[in-house]
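What TrEMBL records for this protein:
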| type | residues | note |
| --- | --- | --- |
| ACT_SITE | Glu301 | active site, proton donor |
| ACT_SITE | Asp434 | active site |
| ACT_SITE | Glu541 | active site, proton donor |
| ACT_SITE | Glu570 | active site, proton donor |
| COMPBIAS | 187-197 | compositional bias 'Polar residues' |
| DISULFID | Cys498-Cys527 | disulfide bond |
| REGION | 180-213 | region 'Disordered' |
| TRANSMEM | 54-74 | transmembrane segment |
Amino acid sequence: MYSGAAAGPPRRDFISVTLGPEEAVGVGGYNNSKAWRRRSYWRKWKQLSRLQRSVILFLFAFLAACGVISYTSMGEAWKSITNKSLDDQRTEQEILGLKLANPAVLPAPQKADANHGDYLELSLQKPPKPPHVRGPSNLQIKAPRRDTRLKTRPDTMRAVEELVEADKVEKTEKSVISWRGAVIEPDQSTEPPSSKITEPEKPSSVELEDQKEPMPINERQLAVIEAFRHAWKGYKDFAWGHDELKPLSKSYSEWFGLGLTLIDALDTMWILGLKEEFEEARKWVANDLVFNKNVDVNLFESTIRILGGLLSTYHLSGDSLFLEKAKDIGNRLMPAFKTPSKIPYSDVNIGRGTAHPPRWTSDSTVAEVTSIQLEFRELSRLTGDEKFQKAVDEVMKHVHTLSGKNDGLVPMFINTNSGQFTHLGVYTLGARADSYYEYLLKQWIQGGKKENELLEDYMRAIEGVKKHLLHRSEPKKLTFVGELAHGHFSAKMDHLVCFLPGTLALGAHNGLAADHMKLAETLTETCYQMYAQVETGLSPEIVHFNLHAQKGHKDVEIKPADRHNLLRPETVESLFYMYRFTGDKKYQDWGWEILQNFNRYTRVPTGGYTSINNVQNPSNPEPRDKMESFFLGETLKYMFLLFSDDIDLINLDKYVFNTEAHPLPIWVPA
Ligand code: DMJ
């Protein structure tokens, strides 16, 4: 209670505001004029004590302040709710494969260091994205659509859950992989480092077509998926993280100790839509793949399988982890080029940074030094570091000028000191020379068909093949590619040569002579006969063709030392190209026969497939106990693509396959 001075009106310690009817209605009756009301309120106000007035004023002020504060914070909260739901929608859309109006882009070629002068200025088309941004490739493809048996959405959601888990573990990486569709970025040029900056092009109609829904998977493709899963099961159970599976002994073998099969198989899993397997393998790459190892690797093999595999997986998935790994291995392989001639050594110690030729010679194999270019050139384009491309371009320029060729055909060896061909006079399209020819054409395609020396060398070589190496067998008159040794023709043909029909067809598709396509057709038939004429329906490593008809003899003869089959891809590879370019279903049927025979004679019940020693003995093909990494990297991938009618599933106007079946972008797509 408040007790005030005795004199004066008593003070009240409460506020009483009574608005009775007599206050509202004046003596003169109802008067609701504004002036009257103002006067009346004012009178009331004046009647209040000072304390009462202060309290009322304070209350008004307090309420007004509260109003202002709550208005501002509600606005913020609303804004963040709205943004969050937009973000959520975006993530979900990406995960579900929906095209965004404003898609992320492939990280532009990155600057390796600041001092590359003119070259770099030309090479960089766009400022690099911040490293944490995982953009999809400008040539990213859609994972194929499965039919109802292979449920896409649950798969996707499971993959997402795993990814969330993985993210917790891998704090450094944000790893939501986008399984979304072909996104051809209108603002991305894929020009090589050495070419001029061009204005970004709008997506062509062909590019826009890429954004169509992928086709559903058919029965034969499902059979390939099943085969892949069976192979993968063996690898996972007995060889996880090692180079190759030994499916019979349920163990593994090491070559480089770098998880070769796993890396070789990454983009195949992507293309087949095997999301869970892919994610599991990705985790291994993120956590366990280490290149800082005191180990000798073969430059060619590690380039085509590891560097190529990582680069293509980067392009398909848009996941920068793979580019980082590619850069790492690419840098570690560079010491191979430190030779007197700049022709690289065959072997590099990727931990020590030293390189050397094989112990018995200072020669390198011609195919090996001329079939690493697609990968190193692409690495330069992506990183903005010219050194990779420079090193491999120099090799090609040098080989272009060399003497010792025979109408464009090259010998099999080249000396790392002198830079000259050695062992002159022997010419083959098989082992040690094969992919030299393949990469002439494919580099020309990769670079936008501008590098004329490559085309010249390719065209001349095919003329050389026609002139010196083509013959016909008896009795079926199959055209085959033999070998020439010091002027003597040999009717020997490696299975490896069966890459040639596919390459010829690719050249014809890119505008080269139409007779290349004719030759491709006849040679594909021959390669198929190398399977069909054998007891198991599987080709041996090497065949000899009969040049003269002999009673009871087929076209194909096999020597005991050559009757093994290593699960090689070349014939299936050519079948794939031929089907893509002709649409003739017989190529699919031939591939289907081959897949069934692989299943019959090379499949190991406990998981995996094995090389065999004897393709001529169906009752005992003599399993070798080894699954080569290229069975997953190449053979099954080409099978899957062969059985697809979707030309956008690795569109051949946008991608070029390296010699290990890893698709890399064509810099200036048709
Ligand atoms: C693969 O490593 C590559 O295809 C290479 O070009 C040749 N050998 C094997 C497959 O047979």
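The backbone N, Cα and C atoms fix where each Cβ goes, and this holds for glycine too.
Automated prediction, rather than curation, is the source of TrEMBL annotations.
Here the features listed in TrEMBL are painted onto the structure.
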{"residue": "Glu301", "record": "active site, proton donor", "Cβ neighbours (10 Å)": "17"}
{"residue": "Asp434", "record": "active site", "Cβ neighbours (10 Å)": "24"}
{"residue": "Cys498", "record": "disulfide bond", "Cβ neighbours (10 Å)": "29"}
{"residue": "Cys527", "record": "disulfide bond", "Cβ neighbours (10 Å)": "30"}
{"residue": "Glu541", "record": "active site, proton donor", "Cβ neighbours (10 Å)": "20"}
{"residue": "Glu570", "record": "active site, proton donor", "Cβ neighbours (10 Å)": "25"}
Assigned conformation of Glu541 (active site, proton donor) - DSSP reduced to three states: coil
Closest of Glu301, Cys498, Cys527, Glu541 to Glu570 (active site, proton donor), Cα positions, recorded positions only: Cys498
Rounded Cα separation (Å) that holds between Cys527 (disulfide bond) and Glu541 (active site, proton donor): 12
Distance from Glu301 (active site, proton donor) back to Asp434 (active site), taken between C-alpha atoms, in Å: 14
Cys498 (disulfide bond) versus Glu541 (active site, proton donor) - Cα distance in angstrom: 11
Between Cys498 (disulfide bond) and Glu301 (active site, proton donor): CA-CA distance (Å): 19
Local backbone state of Cys527 (disulfide bond), from DSSP in three classes: helix
